Structures are given as C-alpha cells and as structure tokens.
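Everything below concerns the one structure shown next.
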Amino acid sequence: MIDSQLPLTDIHRHLDGNIRAQTILDLGREFNLTLPATTLAALRPHVQVIEAEPDLVSFLNKLDWGVKVLGSLDACRRVALENVEDAARAGIHYAELRFSPGYMAMTHGLPVAGVVEAVIDGIRAGCAAHNIDVRLIGIMSRTFGEDACLRELDGLLAHRDGITALDLAGDELGFPGRRFLSHFNRARDAGLRITVHAGEAAGAESIWQAIRELGAERIGHGVKAVEDPALMDFLAQEGIGIESCLTSNIQTSTVATLADHPLKTFLNHGILATINTDDPAVQGIEIEHEYHVAAPAAGLSVQQMRVAQENGLKIAFLSEEEKAAVRARLAA
C-alpha cells in the first residue's frame, strides 16, 4: 500500500516508454503515417504488453511505435508534457523521467539536441501546471553502439542545465558497459549523476562493472545482484540504491514470478531498494498497481513497502534541501 504521509516517487520511469496510445494515433494521423491499427482497441496489442515477452529485447520492441510517430520537435514536447500530466494524475510527488534522445530522434531524423531541448520545455511546462517536481535523466541507448551514444551525450550536454543524470539502457548482453567508459568519464566531469541499467539481462558482474568503471550511484533493475553475496553487502554498505520495477521484470521474463522477485531480499539486506514503474503505457500499469498489487505479490509487508517508498526520496538525485522541499510540499 502507499503511505499517504510520505512523498510518492517514481525514479525509474521512461518518458519514451510512456507515450499514450491515443497520442500515437493522433501523431500518426498528423504525420500521415501507416500505423498497425486505426483504433485504440486494435492498436493496444502493438504498443502494450498483453502477456509476458520472452526477453528484454522483445519487450523493448513494444516501445517502437511510440517513437516512430515523433515527426517533429513539437511532438516530442507534447509527449514530455503528457508524461508530467500522467505522473501528476497518478499522485506522484517527485519523478525522474528518463529518455533516449537519439531513439526519439531516429525515425524522422530530428536533431538530437533539439529533442533534448523540446523534452526539457515540455517537462517545465508540465511542472508549472501541476503540483509535481520532475527531473530528467538522459539515456544513452547502448543498442545503437558507441558512436550513436556519443551523439546522444553531445545533445544532452548541450542542454546540461536541464539534465540531472545519465543512464545506459538497452541490450545489456550485446553491448556491455565496458564499451562506454569514455562516455561516462565525460558525463561525470560535467557533473551529471549516474545510474545504469545493469543486472537485468546480464549477471552480477555487470552491476560491479557499472559501479566500478562507470561510476553508478544507483542501479536500474539489478535483479541479478542476489547471485553475489559480496555485491549485496557492498550495495548495502555503500548506499547504492536499486531501482526495482516489479511488473516490468515479469513482463521481460527477467524474473519468472513476483514471488521470485528479489526486492524483498534487497530490503531485508538493508539495500536502498525502491518501487518504480519503468514503462507505464507499454506495461499497462501505474505506480498504484506496483504498491497495491505487485509488491504484496512479491511478499512485501506493509512496513517493507513503507521503507521502499521512503527510499525513493532518499536515493533521489536531489540535494538535501530539495528533498526537504518535496516533503514540505506534501505537508502543505
């Protein structure tokens, strides 16, 4: 359950994995694109997971239609604004929305830096209209290789003031983190915070690599950490947070059942683990579902859910003053 006395956060939430089906239809018509369906009901199986996908890459393919319709920078601005609206409607007080500007730019050849600027504009407009604090995490999509990731990093750093952190996402097995060392060195030099998708498709060594070589302060998913007791101890001792996404890990077949999910083990071990959505529109869920349905099915007690909710703000990429402001806004 969600504790109404605590700020509700979602710090692992993909902006480009949360494009409304209606928006996909609208933009498809606007740019005269051929979509796989012309009604919401018929489109949904193409853009939303109906049954668990066999692997992570199959799951990621569901995101493609959402970005294929981004035919202009205004379209990018629209989906960013709608993401803030969706988070506010879900009762979230603080969100970190992450996006891959190269992925969003790819289909229609948009300028990557322009996509970054449009997303920042949309987020700022959304925050001005709703009682929510949102920060942006730029993603480098490892699946497209080192050069494409460099272009993404260039675009993100061109608008550094609007970007809080850097992430690496995509095909973890095919494109291991060691290929992106120079990218992360540059990002850290620019003052960006670091989170990395690791231990989702690959094993515990991928998490070690993200921490030791890329400078990860948090780990996205990280389910394979349970395979390495020394890593579990290290995560707890060093305060390296885990951004858990329960339903997502079932839908990608990363974990067989919610009862098998390691989130409870993480919390019992003193790791700063959190509850997040991942790709709400693609998954057909919202943060409330993760607390009210997924977390109990994963064996979490009410107290453990409360701890996970507290951890969300604890490991957020905010200063202590900014965290206090989030708490004060809830109390007001």
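A Cβ is built for glycine as well, from the same backbone N, Cα and C atoms used for every other residue.
Keep in mind that this is a model prediction, so the values were computed, not measured.
The Zn(2+) site recorded in Swiss-Prot comprises HIS12, HIS14, ASP278 together with one of HIS108, HIS130, HIS183, HIS197, namely HIS197. A gap of 19 Å separates the Cα atoms of ASP16 (substrate binding site) and GLU200 (active site, proton donor). For the pair formed by HIS197 (Zn(2+) binding site) and HIS221 (site 'Important for catalytic activity'), distance between Cα atoms is given as 6 Å, rounded to the nearest Å. Considering only the recorded positions GLY170, GLU200, HIS221, ASP279, HIS14 (Zn(2+) binding site) has ASP279 as its nearest partner by CA-CA distance. Pairwise Cα distances among HIS14, ASP16, GLY170, ASP279, which the record gives as the binders of substrate, peak at 13 Å. Ranking the recorded positions GLU200, ASP278 by how many Cβ atoms sit within 10 Å of each one's Cβ puts ASP278 at the top. Rounded to a whole number, the distance between the Cα atoms of GLU200 (active site, proton donor) and ASP279 (substrate binding site) is 15 Å.
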